[in-house]
Structures are given as C-alpha cells and as structure tokens.
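Participant: Take this structure first; my questions come after.
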Amino acid sequence: MSGHISPIREPLITGAKTYHQITEDICGPTERTPSAAWMIAFILAVTGLAVYVFCVTWTIWVGIGSWNLNRTINWGWDITNFVWWVGIGHAGTLISAILLLFRQKWRTGVNRAAEAMTIFAVICAGQFPLIHMGRLWLGFFIFPYPNTRGPLWVNFNSPLLWDVFAISTYFTVSLLFWYTGLVPDFATVRDRASGFRRKMYNFLAFGWTGSAKHWQRWESLSLILAGLATPLVLSVHTIVSFDFATSVIPGWHTTIFPPYFVAGAIFSGFAMVQTLMLITRKVLHLEDYITLEHIDSMNKVILATGNIVGVAYLTELFISWYSGYIYEQFAFYNRLMGPYFWSYIGMMACNVISPQIFWSKKMRQNITITFAMSIFINIGMWFERFVIISTTLARDYLPSSWSYYSATWVEVGLFIGTLGLFSTCFMIFTRIAPVVAIAEIKSILKNAGDQYVGMSNAKKHAHAHEPVATKDSTDTH
Amino acid sequence: MTRSPNKDVLFGLYDDDAKILSAVGQARAAHLDIYDVFSPFPVHGMEDAMGFTESRIHQAGFVYGLIGTLTAFLGMTWVFTSDWPIIFGGKPYWAVPAFIPVTFELTVLFASIGMVVTFYTICGMGPGILNPTLHDRITDDKFCLAFDVTDASDEEKAKYRAFLQASGAEEIDQKHI
C-alpha cells in the first residue's frame, strides 16, 4: 500500500529508531512486570467490574423493576448507555478502516489500541439491550433460526432486529480485522519469548512466518476488510438511529438522524481514543510513536465532527420550528426549557461550544487541554443520547402520561460497571498484545518517520549494492 | 510458492529492506530459484521483485459476499411470503426496503468471514499451527532470502552462498525444516 511521501510533514516516528528498537519499545510492556501504577489502575478497574457483576446479577435476580423506568419512560440509562458505547466503538473502525483507505499514515500509531477499544466498547454496548429484555435467559429469541415454537420467526422489518444484525456483524468484522492485524505482531512477541510464553504466543500467532506471499495476501486482505468495514461503520450507527427515526414520536422521527448519529459516534469515539492514548503513551512511554502530530490530527477530527454535530443540533431546532407541526415544536421547546433542560445545556456546552478551542493549534497540541476536552466530550455525548431518549419520552402526546425519570443506584452502577469492564479488558490487552502495530510502524519508518529517505533517495539506496555477477547462473535454476 | 516440509534451506539475513529488495532483483536476474523471502513487515515493491501475480482474495470475497446477499434476501423472502406471512406495521409481506439493512449486514459478514478463513487456509495458518521459522530475528529486524538446497550439489550450494555474501547478507546459514 504505497502512499504519498511528504518531506514537509512532521515525522510520525521520532527518536531516530531502528527496527530493533521499535520492537524493543513496543514489545517491552508485554514482557516486563507491571508497574505499581498499572497495578493500582487495574485494581480500580476490577473493582468497577465487580460493581458491574453485582448490578447485572441484581437486575436479573430482582428484575428490571429495580430500575426507575416507568410506563412513559421505558428507555432510560440503559439505551442511553447502549448508544453511547456503540458510538465510542466507532472511532476504532474509522481509524483502522477509513483512514487506511485514505492512506493516512498517522493511523498506524493509534489503530491497534483504537480497534481494541472498538471490541471492548461493543461488548459493553451489547449488554444493555440484552439486560433490558428483562428475561435474559430468553435472549436467544432474537436470533432467527427454524425453531420448535411453530413457524415463529423474528421480525425482519423491525429496526430493533436490524440492530441485532448490525451490532453482531460489526463486532465480528472488527474482531477479525483486529486479530488479523495482530497476528504478525504476536509472531514478533513469540520469537522473543521462551517457555510457557512462547507456547502461548505460538498459539496466538497462528504459525506466522513473515513470508513475502503471506505479507502480500495480508495487505490485500486488510485493504478489502477496510473497504467492507467502511460502509459497515456508517451503517451501524445509521441503523441504531433507525431505532428512533422510524418511530412516530416527535423528536425522534427525523431524517437527519443517520448522518447526525454517525458524526456523533465518530466525535465521541475519537474523544475516547484520546483519553486512552494519552494515558497509554505516558504509562508505556510511547511518546515517540504517538506524537503530538497524532494528537493534533485526532483533535482536528474531533473539531470537524463536533461542528457537524453542532450543525445537526441547530438544524433540528430550525426544522422543528419551520415544520409548523406543534408536537414537533413542543418536543424541542421542551428539550430547551423543560424539566431536563440541564442535560440539553450540558450537551450543548460540552459538544458544541467547548471543542471550538481546537481551532488553535497550540490548544490542539496541549496534552492537558486535550485530555480535559476528551472527558468533556464523552460526558457531552452521553448527555446527547440521554436528551434524545429520555426527554422525548418524558413529554409525549398525552399530558396525562407525562412523567419524570431519574436513575436508581442499579442503573448508575451498571454504567459505572461497564466502565470497569471496559477498563479491565483494555488493561489486560496492554499487557498481552503490542498496543502499537509494530509491523505497520516499521513499514512507515522510512517514509513518514524521522529517517525519511524520499522517493529518489530510496531508489538510490535500493541499488546501492553492486549487482552480483554469477557467470553460469543459468545452470542453477 | 508451494512449500512442503523436509527441506534444506540455505538463507541469508540482511539488515535493511532496501538491501533485500535489491538482492531479490539480482537473484531473479541471475535466474536463481528463490525458495522464499521473509521480512518483519511488508516490503513494498517485493511483489514486483518476486514476480507475484495479484492476490485473488478479493475475488473470493466477492463470491462470499454474493452468497451472503442471496442468503439474507432469499431467506427473508421465503420467511415472510411463504413460511410465516404476517403483516407488520402495514408493510406488505415482501417489504423489500425493510430487507435492505439485514441484507447489507449479511453481505459484509459473509464476505469478511469467508475471506479471513480463506486467507488462513491458503497461508497454512491457524490457531496452534507451528510453521517452521528460519530465524527468530525475522519477525524483528532481519530480512531473509532463502534458497531450497535439498537436492543441490555442493557446487550449487557454494554458488548460492557466494551470491548471498556478495549481495550484502550479514549472516548466512543452512537449516532443515
């Protein structure tokens, strides 16, 4: 996958690395004993996971009556969390697939961790609709298969079933893409290991040898999987938005939802990548691989998608007024001035106003500001889903059924618990797998790193060695 | 590029991708029969240097995708027009627009799984499979050019060795795999 070589851009790998140093730097964290900081963070993450296990058990044991949902507001924190987590996952596929197709070499520094984030975020997301069913043990009803309950099939015309297909396909393809990318790097770790570790990585590396033909097929496969995942990433959140858009509830059935949801997903996903990568680069000392240029590039994406989201908010407001449809107008008036006005203000402040700071390059490259912004945006995007879901349901067509909703400790615990689940998975990942794609980083060292050789120099370099004269070479083949 | 076990392989290790690319070009120009080339990352230009034809994995992907499309669309058509015809939300039995999301997802799913399985199968890879490796540094920072010397005479081996030496190999070794 050759690409454009620019001598003007800042190098993507700094520190005058050799190929061996790259291996040392990136494989190191999987080989060393974990630091005290990692252990403390891991204990915290596992505590969160324990909260998750407890709250899930409680929900299943007691039933979803332990949540504060009522007959008016039957989607609360659960579906808010589901949409939020699915959105978080999107940046991973975007970085690995869309940026690969666009030949954006800066993706190589962050794609591995972002893809891992996708997998773990989708695992967290999938929990919520499943638990929300109430009877978890009947969850298999959502899968279409010839069954013994008479000619009973799932409803293929329902957006909720489309979700099942979209999320499970998304998870599977992301997993395949991520793992296939990991195989050569597992082989690198394998060849440095001994004893039990060698056996373990032998299993994980699938017998990778680094043969030229395998590399050719591997690159071809990666590119096509990227080509398939690109419309997939757009389709998944589009389909999630259909859950709302195909309904007849004012505030939900809007045609802007698919692109608006996709932009929002990328926005929040990139914010989460920033949160994770800023911590990871610091803890694992990867500053030479995840440089300020990477952070700057991701902040540009955040700024762009944040503005798309902002335009979508304003378009919604304008269209509700312009439609002349009183129920639609009321839904938006209610969002701005109703009982949940605080969540609307939070959403606007975090998602539309605060990212404007990234117009300044200085701010885009400021680690502290970037970290704080990434947290703001994640909070803001959670608010966005809450605004769409709960405020709309709270004030529907019938004033007699109007209601207010606030979460119980079980619902809050479930959300915090999934943060624990996510962090636990991510931290284990940083111990087992190389968090930066080693092979991909090596392949850009000379055309995007600080050892840039340029097109003409590369050719010269390639022919630097005298041709070997083999007099009777024809005899040998 | 069919590779069977029980071979004696003479190989040279290079420390730079440009060197191996140049060595492969020279070996092919000299009509030396290359067994394989190994590298820690995909060396661009190697496909041309080795004279590989384009991978046809995408053609397989198209076929798998098509199977997915047909499975989904025909499956839903059969379910809703024949096996369990029921009207949902005023939609007709054969509600083509409503079938599109599931059809799309299954197309992508079939194509992806099919291609990945094909990839591992044709590369002879899979969980727990142990393919012989020539040197541990190949997945780190060394680039390896290998010749099959199972049936080669001493004279031929010497010629390969001389070639590897002259083309810049920093380490030359022979291994039975």
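Any Cβ shown, glycine's included, is placed from N, Cα and C.
So TrEMBL lists these for the protein:
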| type | residues | note |
| --- | --- | --- |
| TRANSMEM | A:38-62 | transmembrane segment |
| TRANSMEM | A:82-102 | transmembrane segment |
| TRANSMEM | A:114-140 | transmembrane segment |
| TRANSMEM | A:160-182 | transmembrane segment |
| TRANSMEM | A:221-240 | transmembrane segment |
| TRANSMEM | A:260-280 | transmembrane segment |
| TRANSMEM | A:301-321 | transmembrane segment |
| TRANSMEM | A:341-359 | transmembrane segment |
| TRANSMEM | A:371-394 | transmembrane segment |
| TRANSMEM | A:414-439 | transmembrane segment |
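How about a rundown of where these features are and what they're close to?
Facilitator: Away from its own ends, the transmembrane segment (A:38-62) comes close to residues 127, 131, 136, 283, 410, 413-414, 416-421, 423-424, 427, 430-431 of its chain (Cβ-Cβ under 8 Å, at least six residues beyond either end).
Listed by sequence, the residues of this chain that lie at least six past the ends of the transmembrane segment (A:82-102) yet keep a Cβ under 8 A from its Cβ atoms are 1, 110-111, 114-119, 121-122, 124-125, 128-129, 167, 170, 174, 177-178, 181, 222-223, 225-227, 229-230, 232-233, 236-237, 240, 261-262, 264-270, 272-273, 378, 381-382, 385, 389, 418, 422.
Long-range Cβ contacts of the transmembrane segment (A:221-240) within its own chain (Cβ-Cβ under 8 Å, at least 6 residues beyond either end) map to 1, 83, 86-87, 90, 93-94, 96-98, 100-101, 159, 162-163, 166-167, 169-170, 173-174, 176-177, 180-181, 258-259, 261-262, 264-265.
Same-chain residues lying 6 or more positions outside the transmembrane segment (A:260-280) and placing a CB less than 8 Å from one of its CB atoms are 83-84, 86-92, 94-95, 110, 113-114, 117, 121, 233-234, 237-238, 240-241, 286, 290, 294-295, 298-299, 301-302, 305-306, 308-309, 312, 316, 351, 367, 370-371, 373-375, 377-378, 381, 384, 426, 430, 435.
Remote same-chain partners of the transmembrane segment (A:301-321), defined as residues 6 or more beyond its termini with a Cβ less than 8 Å from a stretch Cβ, comprise 254, 256, 259-260, 263-264, 266-267, 270-271, 274, 328-329, 331-332, 347-348, 351-352, 355-356, 358-359, 364, 373, 377, 384.
Within its own chain, the transmembrane segment (A:341-359) is flanked in space by residues 264, 267, 299-300, 302-303, 306-307, 309-310, 313, 335, 369, 373, 376-377, 379-381, 383-384, 386-387, 390-391, which lie at least six positions past its ends and keep a Cβ under 8 Å from the stretch.
Only residues 6 or more beyond the boundaries of the transmembrane segment (A:371-394), in the same chain, are considered here, and those with a CB under 8 A from a CB of the stretch are 72-77, 79-81, 83-84, 87-88, 244, 249-252, 264, 267-268, 271-272, 274-275, 278, 299, 302, 306, 309, 331, 334-335, 338-340, 343-344, 346-347, 349-351, 354-355, 357-358, 402-405.
Beyond its flanks by at least six residues, the transmembrane segment (A:414-439) meets 22-23, 26-27, 29-30, 34, 38, 41-42, 44-56, 59, 77-78, 81, 85, 108-113, 116-117, 119-121, 123-124, 127-128, 131, 181-182, 184-186, 188-189, 276, 280, 284, 286, 289-290 of its own chain at Cβ-Cβ distances under 8 Å.
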